[in-house]
């Protein structure tokens, strides 16, 4: 049926997510890989949250933000991966229009919140390294709570504004979305009503919610690196850099893949590559974050060792 013929019909009640491509021989492998990634991601991020809450040595603004980031990653992964796993398991790649809009809403919510939370974490590291004498008075618990709340609220506001505009578009055939989740550009590709208003709205909000936090984070790290290079001793430079290296790695991975995904043209030859990079920043980044912090951060490793010793002692005593 041609698109013109669909214009006389109502919008579809469901979409078909084409996923990574119709390769039946890879479905089992992709399901097992996604399941392992999801379980490890959930376990690792929940463990980080529990460690931050339980260990008093981690009751600092830096680890408070880390706990928020891990909470965010847990929700982020569940938004996409739970639906993807169900699709692999049942073979049913359809998703209702309402379900699609809900997935887009929460995806946008957590994506924008993460951009701002990473910016808040970079500001925390900037104060700790560039303004060490003022750090305790500037980064109080009240300020930390306010910065974290702003991150979550900006994501909520952005998705609450954009999703109604997107849901009021009229969608025509074919109702197949060439992606493994309901992202903005693939949804516009199956819309047959005017998309100029929603495109302009998302462009403006992207400047405020993605580009601005990225530039703020970049400026923070320029100042941080400049301050570290001014430290006379090698040991001092290494110690200062170790306090922000984990966060810098996460920022590089997150924004590096995000920029590739949303600047890569969605031409036919590049669509599969676009999906691969989307898979990386949506699914692998939440897995990488807690692993980087646990492997490269001494305080987190020590908290984990203490928790394991306590758990072992409780097991032996019982």
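Placed from the backbone N, Cα and C atoms, the Cβ positions cover glycine too.
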- Among 176-195, 276-295, TrEMBL lists transmembrane segment at 276-295
- Does the transmembrane segment (29-53) make contact with the transmembrane segment (276-295) through 3 or more Cβ pairs under 8 Å, each pair 6 or more apart in sequence? yes
- Message: Between the transmembrane segment (276-295) and the transmembrane segment (143-166), are there three or more CB pairs that fall under 8 A, provided the residues in each pair are separated by 6 or more in sequence?
- Response: no
- Note on the structure: Counting only residues at least 6 beyond its ends, the same-chain positions whose CB falls under 8 A of a CB in the transmembrane segment (276-295) are 20, 34, 37, 40-41, 44-45, 47-48, 66, 69-70, 73-74, 76-77, 80-81, 107, 179-181, 183, 246, 249-250, 253-254, 257-258, 260-261, 264, 301, 304
